[in-house]
Ligand SMILES: Nc1nc(=O)c2c([nH]1)NC[C@@H]1CN(c3ccc(C(=O)N[C@@H](CCC(=O)O)C(=O)O)cc3)CN21
Ligand SMILES: CC(C)C(=O)C(=O)O
Ligand SMILES: [Mg+2]
């Protein structure tokens, strides 16, 4: 059975953890879908891991739609969430609804995610009213990197922690179906998770969240520009790629690949005529 928006709440109520990963292309999404991961986020982190930018700010709606289309084509079980890029919703409630609509209508996403708390509740309500499920995202919101002065853990002092608890409650009121908590102390994530009835999805937010998400290149060791503390390598795919590519280079250089079994051949009589 396909994982739908209502399963998010069911999981929380049954104390069953929600599993999410990012994905940005068809073949990767297909592997995750076939593994029956609950949900995929087509994250604007694609700006960093797919496009090589230093942060997520240059990512466009066209980038997001392009990758969301590829991912949604691969998923018949997994729920697909499209991430709203920088300046696609901050500018107005109207822009937020139009661009959320594009991720669903053109990209094939089943829900959208946007960064921010109380400030964006009007935007979120308007998108929800347009029949598009919304996932919130608070804590380290990477689109605020220039305000934070870097990718830094949030909610460490009393005022900031209280603000995040309030933001989570406001997001629930605005109609969000789940909230990503990024890079906050695990005890704060526990308080937030217990203060709201919608599930929390943590990344660098500890074990008390109702679900977890990671950027897949991080957990498969395929991205080396930085490695946050919250990343665990579940499989060394980076090393497997290194080994595979280096064997390929060696075998081509030495004339070992392609072998007979990878080649097509002519009938003997046709060959004679050609000579
Ligand atoms: N590959 C990748 N993984 C991510 O998790 C990710 C992205 N890209 N791009 C968008 C944002 C940026 N993120 C980041 C990036 C760096 C840190 C980091 O280096 N954090 C420090 C904490 C610094 C502090 O102490 O405040 C760490 O050591 O984890 C955290 C989250 C999370 N997101
Ligand atoms: C890290 C997750 C939550 C995200 O927003 C992204 O991948 O863009
Ligand atoms: Mg994002």
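Cβ from N, Cα, C; glycine included.
The 3-methyl-2-oxobutanoate site in TrEMBL is built from 44, 45, 83 plus one of 10, 12, 113, 152, namely 113.
It is 11 Å from the Cα atom of residue 115 (Mg(2+) binding site) to that of residue 44 (3-methyl-2-oxobutanoate binding site).
Calculated from their C-alpha atoms, the gap between residue 83 (3-methyl-2-oxobutanoate binding site) and residue 182 (active site, proton acceptor) amounts to 14 Å. Not one of the binding-site residues 44, 83, 113, 115 places a Cβ under 6 Å from an atom of ligand 1.
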